[in-house]
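Asks: For reference, the structure I am asking about is given below.
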Amino acid sequence: MEHIITPKVEYVKLLNTYPEKKSALGTLYLTATHLIYVEQTNNNARTETWVLHHHILSVEKLPLTASGCPLLIRCKTFQLLHLLFQRERDCQDVFQSLLRLSQPVKEEELYAFLYNPHQNEEDRRQGWEFISVANDFSRMGLSNEYWEISHLNKNYEICSTYPSILGLPKNASVAVVTGSAKFRSRGRLPVLSYYHKDTKAALCRCSQPLSGLTSRCVEDEQMLQAISQANSNCPFIYVVDTRPKLNAMANRAAGKGYENEDNYSNIRFQFQGIENIHIMRNSLQKLLEVCSMKSPSMSDYLTGLENSGWLRHIKSVMDAGVFLAKAVCDERVSVLVHCSDGWDRTAQVCSLACILLDPYYRTIKGLMVLIEKEWISFGHKFSHRCGHLDTDPKEVSPVFTQFLECVWQLSEQFPCVFEFNERYLIEIHNQVYACQYGNFIGNCQKERLDMRLHEKTFSLWPYLLKNQHLYRNPLYRRSLESTVLRPSTLPLHFKFWCGMYNHYDRGMHPKQSVLDQLLSLTQKQVEGERTMTELQRQLAVADGVLPDPSGPINTPAEQDSPSEKTPTAPVVQSNGSCAPLINGDAEEAGPGAEKCNEKEGADPGATEHDLTSSEDKPVSVETEHSKEEVHESS
Amino acid sequence: MEFAELIKTPRVDGVVLHRPFMPTVEGTLCLTGHHLILSSRQDNTEELWLLHANIDSIEKRFVGSLGTIIVKCKDLRVIQLDIPGMEECLNIASSIEALSTLDSVSLMYPFFYRPLFEVIEDGWQLFVPEEAFKDLESMTDEWRLSEVNKDFSVCPSYPSLLTVPKDIDDESLCKAASFRHGGRFPVLSYYHKKNGMVMMRAAQPLTGTNGRRCKEDEKLINATLCAGKRGYIIDTRTIAVAQQAKARGGGFEQEANYPQWRRIHKAIERSNVLQESLIKLVESCNDQSHSMDRWLSKLEASNWQSNVKEILTTACLAAQCIDREGASVLVHGTEGTDSTLQVTSLAQIILDPSCRTIRGFEALIEREWLQAGHPFQQRCAQSAYSNGKPRSEAPVFLLFLDCVWQILRQFPCSFQFNENFLIMLFEHTYASQFSTFLGNSVAERVKLLLSQKTVSLWSWVNRPQELERFLNPLYEPNNLVIWPSVAPQSLQLWEGVFLRWNRSTKCLDEAYQEMVHIIEYNKELQNKVNSLRRQLAQLETEDSPLQTP
């Protein structure tokens, strides 16, 4: 709290992105964790905008204007707040406070260390154990004839940024493992990422070899051979360097580099050409400039989109992921993937290949497992890449965001194969930057252990699971689940993700949401089925087929009164509701200005949920159940 | 003329058909007067029936004695036929070329087509101006139906009945007509029930370089203003283009002569530029070798999306003037048969919920496009693959459909029809067994005796069994004005048309089916619940005497 100079400023204007719209007038509050803007509207309704300090990317004071002192706040969630203060002094105070609040220096200042979602220690422990990488290894069928779960890295001595348990080929000796680790950048030796039961082909990951111009390492060569031998279907393995060839060659001069095909028996070497973190950071920067342009022409927008290179990079990640999945599934070849350190591009393409190969990772829980496995435990440097703390800005890069976008691009091509919807991806993205839960704090498992995150913070996953009804994809069909995804990677099949990068420009989104409609219908379906069963029972009782357990039959009608409403159209909630809106920006774009209509603004899904008591058992279970019935009856 | 003369080889065996994302079919190729047919003579494979009129251009290639014909269709599909025998291939190619470029309207398929269904509701009788006027009469008595153009002599591209201000007599109309391009004097396009404001459309005034004026024209459009009110003239051209038009006798309304009107210029492209835009767009959609950068730069260079944005923006502006400003609007460009109609029809979709129903949308097309004299036959003679120099071809109507699709995408629950309905209309404007889109004006259609000799598209579409495919399962009637966003991020490439043949639609079709299933199942469930409730209530009333103690 010591950083807050002025906790409350009145008469602050929130300027609209669209110049023709009227801006809001309201009060700004600073709390220890949030910036809150409360808009005072004429009918005494309140619209609240809450912004977590950790979500603030930058605060910028713009030149003084006749109407006041403007302050521009950019968020890591791609929200943009343009505030206008009446007094220069207030603006300066808020500016100073936010600069400090948005850039915590020490880990302990992160929100997760304050936040308690009303859980006891037992809940906390269970929450952390909920997603287990070890379980996922068993799901893949490990240990088996070829692969085993090894505890060699128990104390993080072989590789400090790797998890404590590793999947290794059975016939790799300890000497080979440790020797290979010494020949790899930061000791990140080749280990199992995913084992494909049907083809026995494995997806493995590591960092670049310290081959320099001439060095070689017998143990590393034996390690790759061990991986190759673990797959009897094929005499060779692919070694995929996800970097552009030029970058990899430059690394050779520094004693790193890539595998020399002549030194390894039976490898096929491949470059994939995904650019480095700096190029990705700049690309996003350019993309966001396009997103925040004021009334751009179509030409400005398309040219900007092209010049940002963003979709080109997304395509390069997708292409690499598709290559891996094809190798494993169609060619039955094991693949070893690396980039430089093996924690950015390698994480992207391995996790993407897993999604393409295995329907489990397309479920709500499966995606959690995948993120836990390929990203968190394999040491993707979340703290550095997301800039949780005030550290080197050159370490920040949207690597994880790109992965989420690739998943979204896939969901656009395959609308029925993901259990979750777009909101799940966006929520995960927000949570990664929010530091409200401990999962994405720190850069590797060892760091997290040292920070004692499991004792001091809570896990995000139980929270997401509790709210999973919001994240369901109503079109999800289990019958399709066994299929391997073969997406098209033609440029014209990649779209700009408006839902993410212009998330807070509500006016740009469709005014009626098919997703909300269908979610509310599936909700209704659950209630309808429940009511029907109850009515059938009552009829049976009335007919005398069933004995009457509870006396006369006039109570049920009252009991069911909430569901009486269900056959009618979704209940409409007007925009002027008192419920705090996390994001009060309900404006529209374009010349079709002004409030469009109250009906479209409301969220039919939200009101539907209010109708059902949340004490009922998890909605999801019901939906799953009823959905299966649907398939049977059809 | 006999079609037989044009068919050099009526059938070839052993022809192989390649279509993207579909298995190849080997079979017999037959040419008839109006169709190219490929049949495998096996029961379970579908036959290809392609109207010659749908063929935009063909290319032939030879490898040894195996000939290949690439057929590029107006619906943007590209198929390949492998024909054994060089002579056969050449014969087929030249026959197709001749049959697909027949000049005479009366040789078109609609004149030969006999429907296999019973016409229950004649599409020709569905949308008559008298009916529309009756609706108007119930709201206002300011307007009358004029027969001044009964024999199409005042304005050849207008229908015979026109809605004009009550106080303006036919003589004045004739004078106003002589002051407007092609005789297209201002007529009523839309009456906004909510506030009584109107939208009119016309062609450019013939002011010329010396600033001609016409009292009758001024009086005519002023008659639509309420006392003390101002109106807006939306000129779909930029001020520069409008200025240039003066040199060719055209022009725009001078402020001095129309003091009650404020003129706004927008920048919708003229029809000849649009054809170029379509060709470029389709070319880049079909080229699969593009890198991401090249694709985006080609998409930008085609200008198609810019055209969509500009048209929608102008339509929003017109709607805004009427609904928000409470002002009447006059829309025109040069001829008043292209951009003008795009704007007036889209504005009605935004403003008037009835235009978002199937019948209402059909009526809108009938009113604002067919009867308003959009030259369909000229505009749709060739599509994106034509090799020749474009004459008057332009995808004006396709752009309108694209804009409707954009609104539909933003308001997926507000339309009674779905995307397939729009795609079907696109197909039928370019090639059809029905004659609705033949001819360039009402006058031409009357002369061709279409309503006696041919079948209307609406007679077929409106049959319940056809309509089913076109119904939007999410539709919930919505009486509000719907304002679309025209931000570039909100406008997408219409994949349903432009990427239709370049992708597998299996997954998207499954998603659609799943959505329909969820909605249908819900309806069923609610019906069951309701019927159970009734049963129970009935039982209770029967039993109640027994239950009272």
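Note: Cβ is positioned from N, Cα and C throughout, glycine not excepted.
It should be emphasised that the depicted structure is a prediction, and the values quoted were computed from it without experimental measurement.
Among the features that TrEMBL reports, active site, phosphocysteine intermediate is placed at A:Cys339. For A:Asn276, A:Ile277, A:Cys339, A:Ser340, A:Asp341, A:Gly342, A:Trp343, A:Asp344, A:Arg345, the entry in TrEMBL reads substrate binding site. Per TrEMBL, compositional bias 'Polar residues' is recorded for A:552-577. The compositional bias 'Basic and acidic residues' feature in TrEMBL is assigned to A:595-634. Per TrEMBL, the feature region 'Disordered' maps to A:544-634.
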Asks: Could you round the CA separation between A:Arg345 (substrate binding site) and the residue listed as 'active site, phosphocysteine intermediate' to a whole angstrom and send it over?
Replies: 6
Asks: Return the count of C-beta atoms lying within 10 angstroms of the C-beta of A:Asn276 (substrate binding site), excluding that atom itself.
Replies: 16
Asks: If you measure A:Cys339 (active site, phosphocysteine intermediate) to A:Asn276 (substrate binding site) at Cα, how many Å is it?
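Replies: Given the Cα positions, A:Cys339 (active site, phosphocysteine intermediate) is 9 Å from A:Asn276 (substrate binding site).
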Asks: Around the substrate site recorded as A:Asn276, A:Ile277, A:Cys339, A:Ser340, A:Asp341, A:Gly342, A:Trp343, A:Asp344, A:Arg345, what other same-chain residues have a C-beta within 8 angstroms of the site's C-beta center?
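Replies: In sequence order, the nearby non-listed residues are A:Ser207, A:Thr242, A:Arg243, A:Thr346, A:Val399.
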Asks: Cβ distance under 8 Å to A:Trp343 (substrate binding site), same chain, sequence separation 6 or more: which residues?
Replies: A:Thr161, A:Arg188, A:Ser207, A:Phe378, A:Gly379, A:His380, A:Lys381
Asks: Give me the largest Cα to Cα distance among A:Asn276, A:Ile277, A:Cys339, A:Ser340, A:Asp341, A:Gly342, A:Trp343, A:Asp344, A:Arg345, the residues the record lists as binding substrate, in Å as a whole number.
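Replies: The two farthest binding residues have Cα atoms 12 Å apart.
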Asks: What does DSSP assign A:Arg345 (substrate binding site), in three states?
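Replies: Where A:Arg345 (substrate binding site) sits, the three-state DSSP reduction gives helix.
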